[in-house]
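First comes the structure, then the notes that go with it.
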Amino acid sequence: MPTTEPSIPCPDVVSLDAILPEEPLLMMGAGPVPIPAAVAKANAIVINHLGATMSKVIGQVKEMARYVFQTRSKWVLGVAGPGSAAMEMAISNLAWSGTRVLSIKNGFFSARMAEMAKRCGAHVAMLDVADGAVASLADVERALARERPEIVTIVQGETSNTVWNHQLKEIAALARAAGALVVVDAVCTLSTMPLEMDAWGIDAVITGGQKGLSSIPGVSLIAFSDAAWERMKTRAQPNAHWCLDASLAENFWHNAGYHYTAPVSGVLALHEALRLVCAETLEKRFARHLKCSLALQAGVSAMGLALFAPEPCRLNSVVGISTPAGLSPADVCGHISSQHQVEISGSFGLPIVRIGQMGEQCREHNLFRTLHALGRTMVELGARVDLPAGVAALEQSLSENARGR
Ligand SMILES: Cc1ncc(COP(=O)(O)O)c(C=O)c1O
(Lines of atoms letter the chains of each structure in order from A and count residues from 1; the text may use other names and numbers.)
(Lines give C-alpha, C1' and ligand atoms only; values in the text may rest on other atoms or scores of the structure.)
Protein backbone atom coordinates (compact mmCIF):
# COMPACT_ATOMS: atom_id res chain seq x y z
CA MET A 1 0.00 0.00 0.00
CA PRO A 2 1.43 3.42 -0.90
CA THR A 3 1.74 5.77 2.08
CA THR A 4 -0.92 8.48 2.28
CA GLU A 5 0.80 10.48 4.99
CA PRO A 6 0.67 14.16 3.90
CA SER A 7 3.96 16.00 3.60
CA ILE A 8 2.79 18.82 5.88
CA PRO A 9 2.23 17.30 9.34
CA CYS A 10 -0.99 17.74 11.26
CA PRO A 11 -0.60 20.74 13.66
CA ASP A 12 -0.76 20.25 17.41
CA VAL A 13 -3.51 22.61 18.60
CA VAL A 14 -5.72 23.02 21.66
CA SER A 15 -9.49 23.48 21.87
CA LEU A 16 -11.01 26.93 22.33
CA ASP A 17 -11.65 26.07 25.98
CA ALA A 18 -7.92 26.20 26.50
CA ILE A 19 -7.64 29.58 24.76
CA LEU A 20 -10.67 31.56 25.87
CA PRO A 21 -10.83 32.96 29.40
CA GLU A 22 -12.84 30.86 31.85
CA GLU A 23 -15.11 33.81 32.55
CA PRO A 24 -16.07 35.70 29.40
CA LEU A 25 -14.73 39.25 29.34
CA LEU A 26 -17.26 42.06 29.51
CA MET A 27 -16.92 43.66 26.08
CA MET A 28 -17.00 47.41 26.80
CA GLY A 29 -14.65 48.60 24.07
CA ALA A 30 -15.35 50.25 20.73
CA GLY A 31 -16.87 47.03 19.35
CA PRO A 32 -17.62 44.22 19.04
CA VAL A 33 -20.16 44.52 21.85
CA PRO A 34 -22.04 41.87 23.84
CA ILE A 35 -24.89 40.19 21.97
CA PRO A 36 -28.30 39.32 23.44
CA ALA A 37 -29.23 35.64 23.90
CA ALA A 38 -31.68 35.74 20.98
CA VAL A 39 -28.91 36.92 18.65
CA ALA A 40 -26.49 34.24 19.88
CA LYS A 41 -29.17 31.59 19.44
CA ALA A 42 -29.92 32.67 15.88
CA ASN A 43 -26.21 32.75 15.08
CA ALA A 44 -26.01 29.02 15.90
CA ILE A 45 -28.49 28.08 13.15
CA VAL A 46 -27.75 27.20 9.53
CA ILE A 47 -30.55 27.18 6.95
CA ASN A 48 -30.64 27.09 3.16
CA HIS A 49 -29.40 30.43 1.82
CA LEU A 50 -32.08 30.32 -0.89
CA GLY A 51 -35.76 29.41 -0.71
CA ALA A 52 -38.93 30.49 1.02
CA THR A 53 -37.60 30.59 4.60
CA MET A 54 -34.65 32.76 3.70
CA SER A 55 -36.86 35.02 1.57
CA LYS A 56 -39.10 35.68 4.53
CA VAL A 57 -36.10 36.42 6.74
CA ILE A 58 -34.57 38.76 4.14
CA GLY A 59 -37.89 40.54 3.66
CA GLN A 60 -38.11 41.25 7.38
CA VAL A 61 -34.44 42.27 7.66
CA LYS A 62 -34.99 44.88 4.93
CA GLU A 63 -38.21 46.11 6.50
CA MET A 64 -36.64 46.47 9.93
CA ALA A 65 -33.49 48.03 8.47
CA ARG A 66 -35.65 50.68 6.74
CA TYR A 67 -37.03 51.62 10.14
CA VAL A 68 -33.54 51.77 11.68
CA PHE A 69 -32.16 53.82 8.77
CA GLN A 70 -35.40 55.85 8.67
CA THR A 71 -35.81 55.42 4.94
CA ARG A 72 -38.57 54.37 2.57
CA SER A 73 -36.00 53.51 -0.08
CA LYS A 74 -36.34 50.05 -1.51
CA TRP A 75 -32.57 49.76 -1.84
CA VAL A 76 -31.53 48.16 1.41
CA LEU A 77 -29.00 45.34 1.22
CA GLY A 78 -26.94 43.22 3.56
CA VAL A 79 -23.22 42.72 3.08
CA ALA A 80 -21.17 39.65 3.97
CA GLY A 81 -18.26 41.46 5.51
CA PRO A 82 -17.25 44.05 8.11
CA GLY A 83 -18.45 47.64 8.24
CA SER A 84 -15.54 48.44 5.94
CA ALA A 85 -17.03 46.14 3.28
CA ALA A 86 -20.30 48.07 3.45
CA MET A 87 -18.23 51.26 3.21
CA GLU A 88 -16.44 49.91 0.15
CA MET A 89 -19.77 48.86 -1.34
CA ALA A 90 -21.07 52.42 -1.02
CA ILE A 91 -17.92 54.01 -2.38
CA SER A 92 -17.09 51.55 -5.16
CA ASN A 93 -20.60 51.56 -6.59
CA LEU A 94 -20.87 55.34 -6.65
CA ALA A 95 -17.32 56.46 -7.49
CA TRP A 96 -15.06 55.56 -10.40
CA SER A 97 -12.28 56.99 -12.45
CA GLY A 98 -12.49 60.77 -12.39
CA THR A 99 -15.46 61.06 -9.99
CA ARG A 100 -15.11 64.21 -7.90
CA VAL A 101 -15.33 63.25 -4.22
CA LEU A 102 -15.15 65.56 -1.21
CA SER A 103 -14.18 63.66 1.93
CA ILE A 104 -14.80 65.37 5.23
CA LYS A 105 -12.02 63.89 7.29
CA ASN A 106 -11.82 64.18 11.02
CA GLY A 107 -10.21 60.92 11.96
CA PHE A 108 -9.20 57.41 11.07
CA PHE A 109 -12.48 56.10 9.64
CA SER A 110 -13.41 59.16 7.61
CA ALA A 111 -9.91 58.91 6.12
CA ARG A 112 -10.67 55.31 5.15
CA MET A 113 -13.57 56.46 2.96
CA ALA A 114 -11.26 58.89 1.17
CA GLU A 115 -8.69 56.15 0.66
CA MET A 116 -11.30 53.81 -0.81
CA ALA A 117 -12.50 56.51 -3.19
CA LYS A 118 -8.91 57.12 -4.33
CA ARG A 119 -8.51 53.41 -5.02
CA CYS A 120 -11.56 53.57 -7.27
CA GLY A 121 -9.74 56.21 -9.31
CA ALA A 122 -11.81 59.10 -8.01
CA HIS A 123 -10.41 62.60 -7.71
CA VAL A 124 -10.59 63.06 -3.93
CA ALA A 125 -10.45 66.43 -2.21
CA MET A 126 -10.06 66.29 1.54
CA LEU A 127 -11.63 68.69 4.01
CA ASP A 128 -9.16 67.96 6.78
CA VAL A 129 -10.37 68.74 10.27
CA ALA A 130 -8.12 68.63 13.35
CA ASP A 131 -8.48 65.78 15.85
CA GLY A 132 -11.17 66.60 18.37
CA ALA A 133 -12.98 69.04 16.06
CA VAL A 134 -15.71 68.97 13.42
CA ALA A 135 -15.99 70.77 10.09
CA SER A 136 -17.84 74.09 10.33
CA LEU A 137 -20.71 74.73 7.93
CA ALA A 138 -18.76 77.65 6.46
CA ASP A 139 -15.78 75.35 5.74
CA VAL A 140 -18.07 72.81 4.10
CA GLU A 141 -19.75 75.47 1.99
CA ARG A 142 -16.40 76.78 0.80
CA ALA A 143 -15.14 73.28 -0.02
CA LEU A 144 -18.33 72.47 -1.93
CA ALA A 145 -18.04 75.63 -4.00
CA ARG A 146 -14.36 74.98 -4.69
CA GLU A 147 -14.48 71.25 -5.45
CA ARG A 148 -17.97 70.87 -6.98
CA PRO A 149 -18.06 67.23 -5.80
CA GLU A 150 -20.40 64.59 -7.16
CA ILE A 151 -20.10 62.75 -3.86
CA VAL A 152 -19.49 63.89 -0.28
CA THR A 153 -18.38 61.39 2.36
CA ILE A 154 -18.73 61.96 6.09
CA VAL A 155 -18.83 59.89 9.27
CA GLN A 156 -21.56 60.52 11.84
CA GLY A 157 -19.52 59.30 14.78
CA GLU A 158 -15.73 59.18 14.36
CA THR A 159 -15.09 56.26 16.70
CA SER A 160 -11.31 56.71 16.52
CA ASN A 161 -11.17 60.04 18.36
CA THR A 162 -14.73 59.99 19.75
CA VAL A 163 -15.91 63.04 17.83
CA TRP A 164 -19.53 63.43 16.76
CA ASN A 165 -20.35 65.29 13.55
CA HIS A 166 -23.34 66.90 15.22
CA GLN A 167 -24.13 69.03 12.17
CA LEU A 168 -24.55 66.07 9.86
CA LYS A 169 -28.08 67.07 8.93
CA GLU A 170 -27.00 70.60 7.95
CA ILE A 171 -23.92 69.34 6.09
CA ALA A 172 -26.03 66.84 4.14
CA ALA A 173 -28.42 69.66 3.19
CA LEU A 174 -25.54 71.83 1.94
CA ALA A 175 -24.06 68.95 -0.06
CA ARG A 176 -27.40 68.07 -1.58
CA ALA A 177 -28.07 71.71 -2.51
CA ALA A 178 -24.68 71.69 -4.26
CA GLY A 179 -25.77 68.66 -6.29
CA ALA A 180 -23.68 66.02 -4.50
CA LEU A 181 -24.72 62.60 -3.27
CA VAL A 182 -24.06 62.16 0.45
CA VAL A 183 -22.46 58.98 1.81
CA VAL A 184 -22.61 58.58 5.59
CA ASP A 185 -20.70 56.14 7.75
CA ALA A 186 -23.02 55.31 10.65
CA VAL A 187 -21.06 52.23 11.72
CA CYS A 188 -20.77 53.27 15.34
CA THR A 189 -23.88 55.39 15.66
CA LEU A 190 -26.80 53.61 14.00
CA SER A 191 -29.55 52.91 16.51
CA THR A 192 -27.64 54.74 19.26
CA MET A 193 -28.66 58.28 18.20
CA PRO A 194 -30.98 59.87 15.63
CA LEU A 195 -30.13 59.49 11.94
CA GLU A 196 -32.87 60.14 9.41
CA MET A 197 -31.73 59.02 6.00
CA ASP A 198 -34.70 60.35 4.02
CA ALA A 199 -35.45 63.48 6.03
CA TRP A 200 -31.79 64.53 6.03
CA GLY A 201 -31.33 63.80 2.32
CA ILE A 202 -28.66 61.11 2.68
CA ASP A 203 -27.92 58.90 -0.34
CA ALA A 204 -26.01 56.00 1.18
CA VAL A 205 -25.76 54.91 4.80
CA ILE A 206 -23.60 52.09 6.02
CA THR A 207 -23.38 50.26 9.30
CA GLY A 208 -21.72 47.19 10.80
CA GLY A 209 -23.42 44.55 12.94
CA GLN A 210 -21.12 44.62 15.93
CA LYS A 211 -21.84 48.04 17.38
CA GLY A 212 -25.17 49.77 18.02
CA LEU A 213 -27.17 46.87 16.65
CA SER A 214 -25.52 44.38 19.05
CA SER A 215 -25.26 41.70 16.42
CA ILE A 216 -22.18 39.74 15.40
CA PRO A 217 -19.27 41.27 13.47
CA GLY A 218 -19.01 40.38 9.79
CA VAL A 219 -22.52 41.00 8.51
CA SER A 220 -23.29 44.60 7.66
CA LEU A 221 -26.05 46.74 6.20
CA ILE A 222 -26.26 49.43 3.55
CA ALA A 223 -29.05 51.58 2.16
CA PHE A 224 -28.98 53.58 -1.09
CA SER A 225 -31.39 56.36 -2.04
CA ASP A 226 -33.15 56.18 -5.42
CA ALA A 227 -30.72 58.77 -6.77
CA ALA A 228 -27.71 56.75 -5.64
CA TRP A 229 -29.21 53.55 -7.04
CA GLU A 230 -29.82 55.25 -10.38
CA ARG A 231 -26.20 56.46 -10.50
CA MET A 232 -24.97 52.94 -9.79
CA LYS A 233 -27.31 51.36 -12.36
CA THR A 234 -26.36 53.73 -15.14
CA ARG A 235 -22.57 53.68 -14.72
CA ALA A 236 -20.64 52.92 -17.87
CA GLN A 237 -18.21 50.34 -16.43
CA PRO A 238 -19.13 47.61 -13.95
CA ASN A 239 -17.79 47.82 -10.40
CA ALA A 240 -14.36 46.15 -10.21
CA HIS A 241 -15.41 44.58 -6.88
CA TRP A 242 -17.53 41.61 -7.89
CA CYS A 243 -18.70 40.70 -4.38
CA LEU A 244 -19.56 44.32 -3.60
CA ASP A 245 -21.35 45.07 -6.88
CA ALA A 246 -24.75 46.32 -5.70
CA SER A 247 -26.31 45.36 -9.02
CA LEU A 248 -25.29 41.72 -8.46
CA ALA A 249 -26.22 41.85 -4.78
CA GLU A 250 -29.69 42.92 -5.89
CA ASN A 251 -30.15 39.33 -7.10
CA PHE A 252 -30.03 37.98 -3.58
CA TRP A 253 -31.40 40.88 -1.56
CA HIS A 254 -34.29 41.76 -3.89
CA ASN A 255 -34.89 38.89 -6.31
CA ALA A 256 -34.44 35.83 -4.07
CA GLY A 257 -31.67 34.65 -6.41
CA TYR A 258 -28.03 33.71 -6.08
CA HIS A 259 -25.13 36.14 -5.85
CA TYR A 260 -22.84 34.33 -3.40
CA THR A 261 -23.72 32.03 -0.53
CA ALA A 262 -24.95 34.44 2.10
CA PRO A 263 -23.65 34.15 5.68
CA VAL A 264 -26.98 32.67 6.74
CA SER A 265 -26.26 32.39 10.47
CA GLY A 266 -25.07 35.98 10.57
CA VAL A 267 -28.15 37.15 8.67
CA LEU A 268 -30.35 35.31 11.18
CA ALA A 269 -28.41 36.97 14.01
CA LEU A 270 -28.89 40.36 12.35
CA HIS A 271 -32.60 39.63 12.02
CA GLU A 272 -32.88 39.07 15.75
CA ALA A 273 -30.77 42.12 16.57
CA LEU A 274 -33.01 44.30 14.38
CA ARG A 275 -36.13 42.71 15.87
CA LEU A 276 -34.94 43.69 19.33
CA VAL A 277 -34.34 47.26 18.15
CA CYS A 278 -37.89 47.36 16.78
CA ALA A 279 -39.30 45.87 20.00
CA GLU A 280 -37.54 48.56 22.03
CA THR A 281 -38.31 51.31 19.49
CA LEU A 282 -35.72 53.83 18.31
CA GLU A 283 -37.03 56.53 20.59
CA LYS A 284 -36.50 54.47 23.74
CA ARG A 285 -33.21 53.12 22.48
CA PHE A 286 -31.83 56.61 21.86
CA ALA A 287 -32.98 57.65 25.36
CA ARG A 288 -31.29 54.61 26.93
CA HIS A 289 -28.04 55.34 25.11
CA LEU A 290 -28.07 59.00 26.07
CA LYS A 291 -28.86 58.31 29.71
CA CYS A 292 -26.16 55.65 30.06
CA SER A 293 -23.49 57.53 28.17
CA LEU A 294 -24.02 60.79 30.08
CA ALA A 295 -23.95 58.88 33.38
CA LEU A 296 -20.72 57.16 32.41
CA GLN A 297 -19.21 60.49 31.41
CA ALA A 298 -20.29 62.02 34.73
CA GLY A 299 -18.70 59.11 36.60
CA VAL A 300 -15.44 59.29 34.68
CA SER A 301 -15.17 63.06 35.20
CA ALA A 302 -16.04 62.91 38.91
CA MET A 303 -13.33 60.30 39.33
CA GLY A 304 -10.84 62.90 38.13
CA LEU A 305 -10.20 61.67 34.59
CA ALA A 306 -10.54 63.94 31.54
CA LEU A 307 -12.92 63.26 28.66
CA PHE A 308 -11.06 63.62 25.34
CA ALA A 309 -13.59 65.22 22.98
CA PRO A 310 -14.90 68.72 23.68
CA GLU A 311 -18.49 68.79 24.84
CA PRO A 312 -20.32 70.15 21.77
CA CYS A 313 -18.92 67.45 19.50
CA ARG A 314 -18.46 64.67 22.04
CA LEU A 315 -19.65 61.31 20.76
CA ASN A 316 -21.94 59.48 23.19
CA SER A 317 -21.69 56.09 21.46
CA VAL A 318 -17.99 55.72 22.31
CA VAL A 319 -16.52 57.70 25.18
CA GLY A 320 -12.86 58.74 24.90
CA ILE A 321 -10.90 59.18 28.15
CA SER A 322 -7.43 60.75 28.27
CA THR A 323 -4.95 58.48 30.00
CA PRO A 324 -3.22 60.08 33.01
CA ALA A 325 0.41 61.12 32.57
CA GLY A 326 2.75 58.16 32.85
CA LEU A 327 0.18 55.56 31.77
CA SER A 328 -0.20 54.29 28.24
CA PRO A 329 -3.53 53.13 26.79
CA ALA A 330 -1.98 49.66 26.44
CA ASP A 331 -1.15 49.59 30.19
CA VAL A 332 -4.73 50.50 31.08
CA CYS A 333 -6.41 48.15 28.58
CA GLY A 334 -4.13 45.26 29.49
CA HIS A 335 -4.64 45.66 33.23
CA ILE A 336 -8.41 46.14 33.19
CA SER A 337 -8.75 43.07 30.98
CA SER A 338 -6.45 40.72 32.88
CA GLN A 339 -7.35 41.87 36.41
CA HIS A 340 -10.99 42.89 36.09
CA GLN A 341 -12.23 40.92 33.07
CA VAL A 342 -13.45 44.08 31.37
CA GLU A 343 -12.34 44.79 27.83
CA ILE A 344 -11.94 48.41 26.71
CA SER A 345 -10.08 49.91 23.73
CA GLY A 346 -7.11 52.09 23.01
CA SER A 347 -7.13 54.15 19.84
CA PHE A 348 -4.70 54.16 16.94
CA GLY A 349 -1.91 56.05 18.67
CA LEU A 350 -4.00 58.65 20.52
CA PRO A 351 -3.34 58.93 24.28
CA ILE A 352 -6.85 57.75 25.15
CA VAL A 353 -8.83 54.70 26.16
CA ARG A 354 -12.33 54.25 24.82
CA ILE A 355 -15.42 52.79 26.47
CA GLY A 356 -18.30 51.91 24.18
CA GLN A 357 -21.91 52.80 24.82
CA MET A 358 -23.52 50.86 22.02
CA GLY A 359 -26.37 48.38 22.24
CA GLU A 360 -25.99 45.91 25.09
CA GLN A 361 -23.12 47.87 26.60
CA CYS A 362 -25.69 50.46 27.69
CA ARG A 363 -26.99 48.56 30.69
CA GLU A 364 -26.71 50.04 34.15
CA HIS A 365 -25.07 46.96 35.70
CA ASN A 366 -22.41 47.07 32.95
CA LEU A 367 -21.71 50.72 33.72
CA PHE A 368 -21.09 50.11 37.42
CA ARG A 369 -18.82 47.16 36.75
CA THR A 370 -16.89 49.03 34.06
CA LEU A 371 -16.44 52.27 35.99
CA HIS A 372 -15.36 50.37 39.08
CA ALA A 373 -12.89 48.31 37.04
CA LEU A 374 -11.52 51.47 35.40
CA GLY A 375 -11.09 53.21 38.76
CA ARG A 376 -9.43 50.16 40.36
CA THR A 377 -7.14 49.87 37.34
CA MET A 378 -6.04 53.49 37.71
CA VAL A 379 -5.38 53.03 41.43
CA GLU A 380 -3.52 49.77 40.89
CA LEU A 381 -1.37 51.37 38.19
CA GLY A 382 -0.53 54.30 40.48
CA ALA A 383 -2.76 57.07 39.08
CA ARG A 384 -4.65 59.31 41.48
CA VAL A 385 -8.41 59.02 41.04
CA ASP A 386 -11.38 59.33 43.38
CA LEU A 387 -13.20 56.08 42.68
CA PRO A 388 -16.02 56.52 45.24
CA ALA A 389 -16.78 59.99 43.84
CA GLY A 390 -16.97 58.50 40.34
CA VAL A 391 -19.35 55.73 41.33
CA ALA A 392 -21.50 58.20 43.29
CA ALA A 393 -21.73 60.50 40.26
CA LEU A 394 -22.70 57.57 38.05
CA GLU A 395 -25.46 56.59 40.45
CA GLN A 396 -26.64 60.19 40.81
CA SER A 397 -26.80 60.76 37.08
CA LEU A 398 -28.70 57.53 36.48
CA SER A 399 -31.21 58.17 39.26
CA GLU A 400 -31.78 61.80 38.29
CA ASN A 401 -32.42 60.69 34.76
CA ALA A 402 -34.75 57.92 35.95
CA ARG A 403 -36.85 60.61 37.67
CA GLY A 404 -37.14 62.30 34.29
CA ARG A 405 -34.94 65.30 35.04
C1 LIG B 1 -17.02 54.82 12.33
C2 LIG B 1 -16.48 53.51 11.85
N3 LIG B 1 -16.46 53.29 10.53
C4 LIG B 1 -16.00 52.15 10.02
C5 LIG B 1 -15.54 51.14 10.83
C6 LIG B 1 -15.03 49.89 10.22
O7 LIG B 1 -15.82 48.81 10.61
P8 LIG B 1 -15.20 47.34 10.53
O9 LIG B 1 -14.09 47.29 11.53
O10 LIG B 1 -16.37 46.45 10.90
O11 LIG B 1 -14.74 47.14 9.16
C12 LIG B 1 -15.55 51.33 12.21
C13 LIG B 1 -15.02 50.29 13.12
O14 LIG B 1 -14.69 50.52 14.25
C15 LIG B 1 -16.03 52.54 12.73
O16 LIG B 1 -16.08 52.77 14.03
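Glycine is treated like the rest: Cβ placed from N, Cα and C.
Whatever TrEMBL says is automated annotation, not expert-curated.
Quick look at what TrEMBL lists:
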BINDING   Arg354  substrate binding site
DOMAIN    47-344  domain 'Aminotransferase class V'
MOD_RES   Lys211  N6-(pyridoxal phosphate)lysine
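With the fewest other C-beta atoms within 10 Å around its C-beta, Arg354 stands out among the recorded positions Lys211, Arg354. Comparing Lys211 (N6-(pyridoxal phosphate)lysine) with Arg354 (substrate binding site), their Cα atoms are 14 Å apart once rounded. Look at Arg354 (substrate binding site): DSSP puts it in a strand. Summed and averaged per residue, pLDDT over the domain 'Aminotransferase class V' (47-344) gives 97.
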